[in-house]
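As written in Swiss-Prot, here are the features:
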type	residues	note
COMPBIAS	144-160	compositional bias 'Low complexity'
COMPBIAS	238-256	compositional bias 'Low complexity'
COMPBIAS	265-280	compositional bias 'Low complexity'
MOD_RES	Thr204	phosphothreonine
REGION	82-92	region 'Important for nuclear localization'
REGION	144-171	region 'Disordered'
REGION	161-220	region 'Required for interaction with CPEB3'
REGION	234-284	region 'Disordered'
MOTIF	22-39	motif 'Bipartite nuclear localization signal'
MOTIF	228-236	motif 'Nuclear export signal'
Amino acid sequence: MQLEIQVALNFIISYLYNKLPRRRVNIFGEELERLLKKKYEGHWYPEKPYKGSGFRCIHVGEKVDPVIEQASKESGLDIDDVRGNLPQDLSVWIDPFEVSYQIGEKGPVKVLYVDDSSETGCELDKEIKNSFNPEAQVFMPISDPASSVSSSPSPPFGHSAAVSPTFMPRSTQPLTFTTATFAATKFGSTKMKNSGRSSKVARTSPINLGLTVNVNDLLKQKAISSSVHSLYGLGLGSQQQPQPQPQQQQQQQPSSSQPPPPLPQQQQQQPQQQQQQQQQTSALSPNAKEFIFPNMQGQGSSTNGMFPGDSPLNLSPLQYSNAFDVFAAYGGLNEKSFVDGLNFSLNNMQYSNQQFQPVMAN
């Protein structure tokens, strides 16, 4: 009688789960089991299973069985809620060795549980499984792994050893991490970090692009400052000529007191000035050959030959086929913005009056 009542209770309660409070539904099942056992005392006939079947039937319809009403009252559930969640015109027969139900007056009678000693054990297990509500199999009790193989339906061809347990217990061993493995996990989780990101190529950010641009600008400014330094040193050398030798000073003293010599004497002084210009150009760095101007030779005056204009700082762009025009791209030296970027003052630069001597390789 205990097994048959349990099968009927599981079938009825399966309709009430997830619709009514679970705790009260459990109390409802306990009270219903207690009331059914009390009702079936003296009306249970294993020798004649169908004797007293109408008395043991539980009916829920327009009229609800008094056992259902009493169990709902004891559990604190409303009888209308219980009847509304159960199928209409539900009848459950609880007989010795068999439990069946019917939904509707003209519905088919379906067997939930049957116990026939002539059948094999596999068939009994199949009937026990079918005793639960097929529409709510999620409420089937979960057994331990040892008995889950026997309670599950047997596979065909008798391969019972290949049946896997339907429920595997979760491992109870605590998770342990070393310092290295814990550092490789995600923050707030035990999952490992994605290692695929480490193999990706680092992308260039706008900050990195800005740094490269600044470095290129600094390199350009350094090249411009070195070129202007060499050009300006060449202009000062032509304007402030080094101290001549005593013989040249004696030649210049009478010329300062006398009126300017005629044109033929100026033509005689041109070769000396050209030699001085060649010495000055040879004193430059051999790596700065692009600053040696080919049209400087053959000019009348050294200052006007290099930089034609009113003053040596009033530079005009020179025409060359393969040379880089610094002043056409960045402006003249008189512009304040260009001079400020060079980080030094051109007017305060000091140059020695000693004449540079060319280095001759043996």
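Indices start at 1 and increase along the chain as displayed.
From the backbone N, Cα and C atoms, a Cβ is placed for every residue, glycine too.
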Long-range Cβ contacts under 8 Å made by the motif 'Bipartite nuclear localization signal' (22-39), restricted to residues 6 or more beyond its ends, are 1, 5-6, 8-9, 12-13, 16, 56, 58, 67-68, 70-72, 74-77, 82, 94
What DSSP reports for the region 'Important for nuclear localization' (82-92) is 4 helix, 3 strand, 4 coil
